[in-house]
Structure formats: C-alpha cells, structure tokens
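Features reported for this protein in Swiss-Prot:
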BINDING   Cys109, His112, Cys180  Zn(2+) binding site
Amino acid sequence: MSSLSKEAELVHEALLARGLETPLRKQELDAETRKTRIQEHMTQVMQLLNLDLSDDSLADTPRRIAKMYVDEIFSGLDYENFPKITLIENKMKVDEMVTVRDITLTSTCEHHFVTIDGKATVAYIPKDSVIGLSKINRIVQFFAQRPQVQERLTQQILLALQTLLGTNNVAVSIDAVHYCVKARGIRDATSATTTTSLGGLFKSSQNTRQEFLRAVRHNG
C-alpha cells in the first residue's frame, strides 16, 4: 500500500487492528482487468437467466455493471480512493460538539448485493484539530461504497474519524432502509434500521450522549 496516502494507511491499519475492516483479499488485478473479468462473468450470469444479450437494451449491460461495480458502488474497496483529508489546527480552541446531519448514503448489502439507502449523523468534539466539514461526508461515502453490513459501516466511520482527529470523542448514527428486507424475503416496505456507535464522552457522559441523540432525532 505504498501508493496510498498516509491518512488512508492509518485508517486501514486501525480497522485491521480492531477487526473492523471489510473482509478483503490482496488486490492482484488492476481496475481495467477487474472490469473485463466482471463483464465476462456477468455475461454468463445473464445468459443463465435466459436473457437474450443480442437485444440492444441488454447488449451493453454486462459492461455497464462491471464499470459500476469497480468505479462507483464498490470504489470504497480500494484505499487509493480514500478522500484527501484536510485537518486544520484548532486555534479557536473549539471544545463543543460539531455535528453534521442528514448525510445521504447509498450502500450495498453484502449478503444479497441489493441497496442500503439511508442517512448518517456524525458528531465530534475537537481536540487539537478540526476537519473540513465536507470531508466527513466523503468519509461516510467512502465506506458506504462497499458491500456492507450497517453495524460495521457505522463503526468504520467512527474509528476512521477517531484515528484522523486524534480523539475518542466521536459519535455516528445511521438510519437506513435495507432492500434485502424491502424488496425480497419478508418484503417489509416500511421498516428501517438504526445503528449507533459512540466513543469517548459520547459514551461516558450522559449529557453529551443525549445532546447527540437529540440531533439524531431531528434528522429527516
């Protein structure tokens, strides 16, 4: 991983140490080769479904899916895509909660490869540094762009921010609809899943925790 940014390496190592990294094999193929291989296999899948790939509506679908997987919805599997992080010295000595609400995220259930659609609320109490606000959104999106389970996604975002900011005082909550529940199986179209991960004062201080949870309840 020598080509990765320092921040990407730190986050990846922290997740590995805590057993929170997405199960990954060593990457041996470049992006274009992976797209070619996925296209070939998706062609076979569609043929096994008795779809006629000579139809002009379907002919390019395997290529589109391969490109979507590698460049878009699973781009977070490659730490070369980890967002560039801007940290700013906390010269103003900010010591109150900073909260970013209504962060939209779209991920993919790793059990059925269907959509997870939701919103995240992220808060932290600055220590020596503050982070550019859009970087929080980008970190959420990076980890969402993987096959995921919501519990792990929530904890990955938390640990990434704790690692980058040098503080345990971080909290993350995600509320999401799982299409593996909505579109198949039980086919419950109205249920949603909420996961929360708390660190530092958000866990140990009832007042801090309640302040964060009030922000979560105001979501949407």
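Heads up, the Cβ atoms here are built off N, Cα and C, so glycines get one too.
Bear in mind that the values here come from a model prediction, so they are computed numbers and not experimental data.
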Residues near the Zn(2+) site, Cys109, His112, Cys180 excluded, by Cβ within 8 Å of the Cβ center?
Thr108, Glu110, His111, Phe113, Val114, Ile116, His178, Tyr179, Val181, Arg184
Coarse DSSP state, helix versus strand versus coil, of Cys180 (Zn(2+) binding site):
helix
For Cys180 (Zn(2+) binding site): intrachain residues, at least 6 apart, with Cβ closer than 8 Å:
Cys109, His111, His112, Val114
When a 10 Å sphere is centred on the Cβ of Cys109 (Zn(2+) binding site), how many other Cβ atoms does it contain?
18
Where does Cys109 (Zn(2+) binding site) sit by DSSP, helix, strand or coil?
strand
Including all protein chains displayed, how many Cβ atoms other than that of His112 (Zn(2+) binding site) lie within 10 Å of its Cβ?
15
